[in-house]
Amino acid sequence: MKKYIIALDQGTTSSRAIIFDHEQNILEISQKEFTQIYPSKGWVEHNPLEIWSSQYGVLQEVMAKANITQENIAAIGITNQRETTIVWDKNTGEPVYNAIVWQCRRTADIVEGLKRDKEFSDYVKENTGLILDAYFSATKIKWILDNVEGAREKAEKGELLFGTVDTWLVWKLTNGKVHVTDYTNASRTMLYNIKELKWDERILRKLNIPRSMLPEVKNSSEVYGYTNLGGKGGIRVPIAGMAGDQQCALFGQTCFEEGSVKNTYGTGCFLLMNTGENIIQSKNGLVTTIAIGLEGKVQYALEGSVFVGGAVIQWIRDELKLVSDAADTEYFAKKVNDNGGVYVVPAFTGLGAPYWDMYARGAIFGLTRGANKNHIIRAALEAIAYQSRDLIDAMKEDSGCEITRIKVDGGASRNNLLMQFQADITGTEVVRPIITETTALGAAYLAGLAVGFWKSKEEIAEKWSVSEVYTPNLDEDEKIRLYNGWKRAVERVQGWEE
């Protein structure tokens, strides 16, 4: 009897493997951090071989910890950091360059050049749902082809392959037999036409990217191929679900209905609203993306991305050394009644939605002689909630929907002070599920549905359960005063870097 699904969760700072049973309980988790490479100011890279070795290592480790063999595994689902770009040699399987990470800003100049062509810029937004930005994969691929010796010649001969991290992992798991992605990951490349559901020839021509490099685009839930976890002669396990991390979280939160909203507090913050079959073009700095692709049909989503969410807590711990453990931030923040007039704007890599300012930089405002470390810690936590409020306001305006309830997940969602402040500053109910590993759970759902482990979305939704509900409890005048202070602080940091 195949009792389990394994979700591979390949994130920005670590690779994880999580085993779920049929009742959606977590049997075991393994995690391994890997190296962050910063070769130049604003550049961020990963070693693709280390992404693979760390991910495969935790897969083997989690099975050993749980004492299960491949005979017990119904399927594997994959979820991944999105936009991160890997180009490798089709014949040798060797990457031609490090993975260029979604946070990397090296292609800002390429983007500025493209933006000068207003018609092209509008075309990109209209057809990919995205705005021209260094965040997405397209200009990263172009950079590799233009800057790695011999890469363009090889690409034009059909010898190089491109993939986001999901594609790379499937390629490696199937020993180079399968080169695929899913609708959600394709929609983050800035090369995929989300209306026609195909790679966009006009954008490929403009960026001089050969079509032969690109993977085949599949549903988010289907059997893509098989991997043999037991070596030669072992049982082949289907790889059966795949979606970008934020779309997996939306699915894992059972946001199946139009108008449902989730916010993930990871390295960044990512607010997504399921818009069903409607492509809503944002006028407020959000992007339109594919929420999920099932049985050849897609649902769309509005998305707002904050570059630095939970990462501000790591900064408080690692750089400022104000705490030794990220979990201690709540304890210290509670030692003061309010932020003491202090605001932290964590624009370390620029500002994401709704501002999209690559040249903004971080700052602390409102310091007085009475400000202490607890005020700064509290202000850093509050910054996560303020940035999420920015996204919620933009989403309300774009969608015309009143948002009364947000499902939350990710590491920082375990911080009760932050979640209560999130409810207070937005005036919305904040709901945290029992399982906050919703990204991995979404990947497990997708894989499980493909192989009949779970029969339907309805069966999945019945088992989803709530741990905590935070209701707004802040005076309206105070809410306005606090948020106005945030908006003043954000104005000050914009355009800082020349």
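The backbone N, Cα and C atoms fix where each Cβ goes, glycine too.
In the record from Swiss-Prot, residues Thr12, Thr13, Ser14, Thr267, Gly310, Gln314 bind ATP; the candidate from Gly113, Gly163, Gly411 listed for the same site is Gly411. Among the candidates Tyr38, Tyr56, Tyr123, Tyr135, the residue that Swiss-Prot names alongside Arg82, Glu83, Asp245, Gln246 for the glycerol site is Tyr135. The Cβ of Thr13 (ATP binding site) lies under 8 Å from the Cβ of Glu33, Phe34, Gln36, Thr267, each of which sits 6+ residues away along the same chain.
Shown in sequence order, Gln81, Thr84, Trp102, Arg188, Gly244, Phe270, Ser305 are the same-chain residues outside Arg82, Glu83, Tyr135, Asp245, Gln246 whose Cβ sits within 8 Å of the Cβ centre of the glycerol site. Listed binding-site residues: Arg16, Arg82; maximum Cβ neighbour count within 10 Å falls on Arg82. Spatially, by CA atoms, the binding-site residues Gln246, Gly310, Gln314, Asn415 include one closest to Glu83 (sn-glycerol 3-phosphate binding site), and that is Gln246. Under 8 Å, Cβ to Cβ, and six or more positions away along its own chain, Asp245 (sn-glycerol 3-phosphate binding site) finds Asp9, Gly11, Thr79, Asn80, Gln81, Arg82, Thr264, Gly266, Phe270, Thr439.
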